[in-house]
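Here the structure comes first, spelled out in structure tokens, and everything after it is commentary.
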Amino acid sequence: MSQLSVKHLLGIKDLTTKDIELILETAGQFKEVINRPIKKVPSLRDVTIANVFFENSTRTRLSFELAQKRLSADTINFSAAASSVKKGETLLDTVNNILAMKVDMIVMRHASVGAPHFLAKHISANIVNAGDGTHEHPTQALLDSFSIKEKLGGVAGKKVCIFGDILHSRVALSNIFALQKQGAEVMVCGPSTLIPKFIGELGVKVEFDLRKALQWCDVANVLRIQLERQTIKYFPTLREYAQYYGINKQLLDSLNKEIVIMHPGPINRGVELSSDVADSGHSIILDQVENGVAVRMAVLYLLAGNK
């Protein structure tokens, strides 16, 4: 079996192009499995995985848990809100106590940038980063690449624009790294206040005009405004944001071109996307959710082979 070059999935930046190709190829095989009447395989039988989430999650947590069960792994779920973290226990103490129960792998989401990288220096178990602050969300980028490949036949040479709150998005950074490693052209589009100053150093195009960005791209990956991470006001109102940066059917129809619409969720309908776009034939948003299970199965399976 081919192996990944890494023991942990901490970020896309750490992966080689071959790593990404291996994950997506393996995910394709697992997608066939989960569409069968019997959806489980014994690949991770006797492997115990802890989902350690310090931030709220719906799609990512459910997707990881389902991926683990499809692989026949034993799964335990940790919620910070109901734990000794509330009593002052440190992150490392919390995780070491979980590992003392003979857990083999940690899937972690944390509000602090670099939290999984810190753990990787102190523990022996495999770690999967399910999102660290505004830094990276590697499995989201991998499932996005898988979905583009499935829809358009490949990623290389495609023009992908990431729209919205780039400044506070961990999805944006992971996608930029993943897309570039696979030969795609990448652009970001949003208000100047929500585009980080360093973004040009990553070799991506920057556009502030929504219509021009849509005319350029084959794929629009649309991000929500992350109000929970904003400490100052970056634009006057959500209504004004929607007026200048919201994608609606009328706008798409006027472009007279096919654009694939993606969104990592949750969608703020009527803000970054209108319902008639989110639910249209342009959208592969629910395909992304479906593909997330297969991609996370691939990540867990391949990491389990890299002790």
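Backbone N, Cα and C atoms are what each Cβ position is placed from, and that goes for glycine too.
These come from Swiss-Prot:
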BINDING   Arg59, Thr60, Arg109, His137, Gln140, Gly265, Pro266  carbamoyl phosphate binding site
BINDING   Lys87, Arg170, Arg224  L-aspartate binding site
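Features as recorded by Swiss-Prot, highlighted on the structure.
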residue: Arg59; record: carbamoyl phosphate binding site; DSSP (3 states): helix
residue: Arg109; record: carbamoyl phosphate binding site; DSSP (3 states): strand
residue: His137; record: carbamoyl phosphate binding site; DSSP (3 states): coil
residue: Arg170; record: L-aspartate binding site; DSSP (3 states): helix
residue: Arg224; record: L-aspartate binding site; DSSP (3 states): coil
residue: Gly265; record: carbamoyl phosphate binding site; DSSP (3 states): coil
Neighbours of Arg59, Thr60, Arg109, His137, Gln140, Gly265, Pro266 excl. site residues, C-beta within 8 Å of centre, carbamoyl phosphate: Ser57, Thr58, Ala130, Gly131, Val171, Pro264
For Arg170 (L-aspartate binding site): intrachain residues, at least 6 apart, with Cβ closer than 8 Å: Gly131, Asp132, Gly133, Thr134, His135, Glu136, His137, Gln140
Largest separation between Cα atoms (Å) of residues that the record links to carbamoyl phosphate, namely Arg59, Thr60, Arg109, His137, Gln140, Gly265, Pro266: 16
Binding-site residues compared (Thr60, Gln140) - the one with the fewest other Cβ atoms within 10 Å: Thr60
Sparsest-packed of the listed binding-site residues (Arg59, Arg109, His137, Arg224) - C-beta count within 10 angstroms: Arg59
Least surrounded among the binding-site residues, given as Gly265, Pro266, when other CB atoms within 10 Å are counted: Pro266
Binding-site residues near Arg224 (L-aspartate binding site) (Cα-Cα within 10 Å), from Arg59, Thr60, Arg109, Gly265, Pro266: Gly265, Pro266
